Amino acid sequence: MSESLQASDCEDHWQEKEIILERSNVNDIISLGFTIAGGNDRPIVNNFISIVVSRIIENGLADRDKQLRLYDIILRVNDIDYSNIKHHTAVEILKTSGKKVSLRIRRLTPRFMKIVELEHQSEKLGISIEGGIGSEYFKGDHGVFITYIPNQTIKQLNIGDRLIEISSAKNTYNLRFVTHNDAKKRIGLACSDSQKVQLTVSSYTRKLTRVTHKQSILHPEQYNPRITKDKNTKDQHDQHSKNSEPTRSIVSPRKIIESFDFEDYQRYESHNRLRATGYRTKSTTLPNTRPTADLQIHLAVAQKIGVLQFDQKNLKEIPPEICSLSGLRTLSLNSNKIQLLPNDLRKLVNLKNLFLKYNQIESLPSIIFTHHLSKLEILQLNGNLLCSLPASFSYLTTLKQLNLSKNNFITIPRAILYLTNLQVLDLSANRIQEINDDIEFLEVDELNLNNNQISQISTNISKCKRLKILRLDNNKLKLESIPTSLLKNSTVFQLSVNGNFFEETQFQLVEGYDDYERRYTTNQRKRDATAILLLN
């Protein structure tokens, strides 16, 4: 370890900031839209007792406000010190903090970052690291730092560089908020995935930063981790109200490897990323070339790694060259102006992840799904103009996650009822008015129907044999609209009904609520028994 590297060298990686969140009215005690972890009675690990933002809930108050970020450390709430506080007390203070909530936070904000491409031997990078949550290398800093490079053999890195994340050809592993052991484990996993990896680091001083043809500079505004990949995990911590907003897919609580999900990256870099895929080209920045040249660069990379991201390119149609990449596993064309999908999209027979959110798609051609795209697991079509799905959509039997939020559906599409492996279905922010009798055939673990116009729910919803999480916030429900059988006899253990035509206290008095509360409590105990902070 260099003697010149002191704790003060990393002080400028952090900043304290005042954030104001404002509820809709003074008596409002609904969620602020984020969850927390930590406390002196429930340390995240060892003696790390800080209160940390563990998840930003999509479309929640904090998400819409866009000030609070994942892993922000809360120092104070409305002049109440949070430096040494019990977890439950911290939650209750947030719940009852009034209309205007003042948060003093501490945030990791390195001046700039760089991406270094490395090729390793024997699944080792040849560097030594120190630090991590619970084993701080510098007091008050839970980061993981490079402390030794033999003979400075890796010229792109410096002793004292902070590790941000590591990417292989298959996965991206977060290193910002991890224990020391998890950091080593994730580096090992990335190296076992592929011989070439990309390491994102933040240098502790500018003068030590070397930019070579294999590095790319990331400025802070291009690296904005607001929402966690915990949408692929179950949250392990209390929320600021019973309106718990868990994540959008259900996975093992011990899962470490996170799949390459471009929706996360869309938020992760605030629509202004430099990386196009899990691999970057060796140029520091891409020149201002014609769109066709830009596409050719992306196609060349996609042929090697099976991942193509071409977001925000003002595309009005999908280029035919993309449909010829039969080995493509992930395709992201978010935030373009695509109106129609070409029939040749069916040629992407190995596609597992398809991201088409925020386009102008009004309908889906039936031929795409008929015995094609048989490996598709994640499909995101949110933010389009869809009002129906073709019957052939039911052929997507491997589909696990489907996002159809922010479209024009007025009912739950029948084709979805035949998707037997679906885990998460998001139909929020549509125009659905009723949950009809067909709902009993739906096989899904989590159903999001927030922000619709639902006023009637069929009693058949209690027959959904796999439904565990049901979101019905901000609809037009009355107390009598909620079937007693849903509370008494269903498998639902998490039901969210805030923002309807009744109060929470009234809901707690209806018949069957005690049965529902027992299921909820039983599930919470199971989670508490195996409680562990899920780190990205």
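Backbone N, Cα and C atoms are what each Cβ position is placed from, and that goes for glycine too.
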89-116, 173-200, 425-452 - the range that TrEMBL marks as coiled coil: 425-452
Secondary structure composition of the domain 'PDZ' (18-109) [DSSP: H/G/I, E/B, coil]: 14 helix, 33 strand, 45 coil
Across the domain 'PDZ' (18-109), average pLDDT on the 0 to 100 scale: 85
